[in-house]
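Below: the structure, in structure tokens.
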Amino acid sequence: MNTTANYHPPPSSQPPFSDSDLDSDSDSENFQVGSDLSNSIFKTYLEFSSSSSSSSSITAVDLSKIQSFLTSSSSGALSCLICLERIRPSDPTWSCSSLCFALFHLLCIQSWARQSSDLSAARAAARLPITAETAAKQATWNCPKCRSSYSKSEIPRCYLCFCGKLRDPPSDNPWILPHSCGEICNRPLPNNCGHFCLLLCHPGPCPSCPKSVKARCFCGSVEDFRRCGFKNFSCNKLCKKRLDCNKHNCSEICHPGTCPPCRARETYRCRCGKKEEEKDCCDRDYRCENECKKLLNCGKHVCERGCHGGDCGECPLQGNRTCPCGKRIYEGLPCDGVAPVCGATCNKLLNCGFHRCPERCHKGSCVETCRTMVKKACRCGGLKKEVPCYQDLSCERKCLRMRDCGRHACKRRCCDGDCPPCSEVCDKRLRCKNHKCPAPCHRGACAPCPNMVTISCACGETHFEVPCGTEMDHKPPKCRKLCKIAPLCRHASTSKPHRCHYGACPPCRAPCEEEYPCGHKCNLRCHGPRPPPNPEFTLKPKKKKSNHQTECTPGTPCPPCPELVWRPCVGEHFGAERMMVCSNTTRFSCDNLCGNLLPCGNHYCTKTCHPLETQPSSSGHQKRSESCEVCNLPCQKVRMPKCSHPCSLPCHPGECLPCKVLVKRSCHCGAMVHAFECIHYNNLSEKDQVAARSCGGPCHRKLPNCTHLCPEICHVDKCPAPDKCSKKVTVRCKCQTLKKEWICQDVQAAYRDTGNDPKDIPKNQFGLGLLPCNSDCKSKVQEVESALQLRKPKVLEKKEPENEKHGPKRRKRRDRIQEGKQVSRFQEFVASVKRLLLFIIIGAALIAVTYYSYKGLLQLSDWMNEVELQRARRRRSRF
């Protein structure tokens, strides 16, 4: 085996591994090299064994046994089945050469062989009629594992190598397999082919002969060069050998051994020729179920044999005949005659073998049971009694002798002293502490546990066997296969593969680099989900149900983003940014005035910096926050078209509503008043407004120079040509006796001629005094005065009419109210003027109060802003 110690696989054949796979000691490396080299050595043997026939004595199981021995020897995993201790390279050993090739400590197997042979000799001396010396010479002992029998002379007395050539092989040479001489094995190969093993001294059976020889296939039709150990082969063609029937050929594929029976179907006759059936060629010679019934040579009897071939033979009743007991002979008796009885005692030996039949000569068989009374003793000799010969005698006494196991009494009824072996199961706990002895109860130490425990890697590709009970001292082998568990993290495509293992896969060491919602990437080591781990390495199955984790371990979420970013204040003021951690969502105020445009769109918020009413968050959603102040000022916008009426709504965005106030406008002449909607009237042009205000009737305005009204249609501005009034005016003298009708413009001219302005003339005196008085005027004046005196009423003599005395009270009350209500026009004019002045004063007071209150609010707001600015300056100065 020194040729395998320095073998290393080429670098190109090794797959890349992760860093966790490099943590292995030199022992595991040597084990890996040994296992890989053993695979390469036995690869061709395994291929040939799989393709060879089952008749070969060295099969794939034997080759795997050899490979397992080599692997266990090179890894130091060998253990003694007797003491269950590890076999060190320096310990003297002995290996079974029959079947199992197990390795034992030399001292352990010597002690085992002596105890087994002594126990076998004592048991043989107790049971067989031989002396103790003869039993000691013929004693045998068995291999503790395969129970192969060895004679007492084959008890090992010295420490030999595996091939048996070198005594006390060296154990300090690191280039030689432990317990090996390092030379060529040179043991005869199996099947007695005449060749010898060419491997170095090795444990286990020798492999099949590797030499090439010329051999034929099983049917002999193909000749080829094959390995000597696998020279028996099949050509995979039809056998075509002549079958036993010498009529058909074998139709099977080339096979070892004799050809199977011919199965060709044909019609054949039975031996007697009475029946024909379709049978296989191999079953062509058959017998039917009918009797022969052919007439024999005597002509009196028929053949009573079944279906047969050939002659039926002579009649069995012909020739000399005897009586039933055979003492008297009758000659010349015909075959159809009956031989008479002789009358003597039968005297035939009964079935018991000691007594004879006491009956007279008789036909038929003698009695089956011998009823002769004899004196018998039971098997144990404790009871003697006369009983019929056919009856056995036994007592009810139980045997109290100990059986050969030395643990249990015989307890068999009427035992003859040769107690049978103990039928109880030993059921002692073996040294492996895992199993109980299944053998019948026995003396001495129990045989070692024959079970072998396979210790394998997680995938099962690399494994070795150790004796049961020593598995706890061994670790699982290091497997060079890649782990088949696929990573579940985001680096599965780029992660390095690692070797087969128990338990959880090593954690991914790549940086996470998962992108945050903010756009930054996580710089920590990968913390994504991990695949379900392999079960932990264990050898003893747990009594409870396995809690092996079959689900993957979910990954931990990325921590909050630690990057530093500039973050604006809650009011998003320019120049108020602060450096903050990206994941810190704490919002701060810069203590400045908000300054955001209010919903009215006309004024600005005067609060301290506060969150906006709708502000987008980092997740893309908008969060409701503190709203700006509500504008409670009245609307101060100038309506378009311009209007003197203020907007009735509070301060609002956009255009004001159309003014629906009714505007009263008198016509040009003042005869009537029109009511218009403000928006409608203001949207008219000046020309349309003039046309709309016209009442369409006469002017109704008094001319400035006379008492007449303007004759034109209602119009704008002054009446045209007031000096050319064409109305007729009654002109009188001063005493109003004379009167004439003049045209109004002549009257105005007359007043101007006299140096008077027509505008200054009262209406009741207009045209009075323009005519000169004459002589008739004085007499006329006197008549008028006397008439006036007569017309004056007499107050004292005034009496109420009679009808008033007797009128209803309601009418009187109504008349009194009407008399009280009769007010002069001048009094009505004064009252209307007073009302107008009162309204004007109240309106002016309201306007003044509104104006000064608004101005005061603006001043108060400016003062509060200054106070806030001073506070902010103080705070900044503190910091």
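The backbone N, Cα and C atoms fix where each Cβ goes, and this holds for glycine too.
Remember, TrEMBL labels are computer predictions, not curated facts.
If you check TrEMBL, you get these features:
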REGION    1-32  region 'Disordered'
DOMAIN    193-211  domain 'NF-X1-type'
DOMAIN    245-264  domain 'NF-X1-type'
DOMAIN    298-317  domain 'NF-X1-type'
DOMAIN    352-372  domain 'NF-X1-type'
DOMAIN    405-424  domain 'NF-X1-type'
DOMAIN    432-451  domain 'NF-X1-type'
DOMAIN    489-510  domain 'NF-X1-type'
DOMAIN    600-630  domain 'NF-X1-type'
DOMAIN    643-661  domain 'NF-X1-type'
DOMAIN    706-727  domain 'NF-X1-type'
REGION    795-819  region 'Disordered'
COMPBIAS  795-806  compositional bias 'Basic and acidic residues'
TRANSMEM  836-854  transmembrane segment
Do any residues of this chain, six or more beyond the ends of the transmembrane segment (836-854), have a C-beta under 8 angstroms from a C-beta of it, and if so which?
633
Answer with yes or no whether the domain 'NF-X1-type' (489-510) touches the domain 'NF-X1-type' (432-451) by the criterion of at least three Cβ pairs under 8 A, sequence separation 6 or more.
no
Please report, as numbers and ranges, the same-chain residues at least 6 past the borders of the domain 'NF-X1-type' (706-727) whose CB is under 8 Å from any CB of it.
667-669, 671, 690, 694-700, 743-745, 747-748, 758, 763, 766
Intrachain residues whose Cβ lies under 8 Å of the domain 'NF-X1-type' (405-424), provided they are six or more past its termini:
127, 378-380, 382-383, 394-399, 440-443
Under 8 Å between C-beta atoms and at least six residues away from its ends: which parts of the chain pack against the domain 'NF-X1-type' (643-661)?
599-603, 631-637, 677-679, 682
What parts of the chain pack near the domain 'NF-X1-type' (352-372), using Cβ distances under 8 Å and only residues at least 6 beyond its ends?
323-325, 327, 341-346, 388-390
Within the domain 'NF-X1-type' (352-372) only, compute the mean pLDDT.
86
Across the domain 'NF-X1-type' (643-661), what are the DSSP residue counts per state (helix, strand, coil)?
0 helix, 1 strand, 18 coil
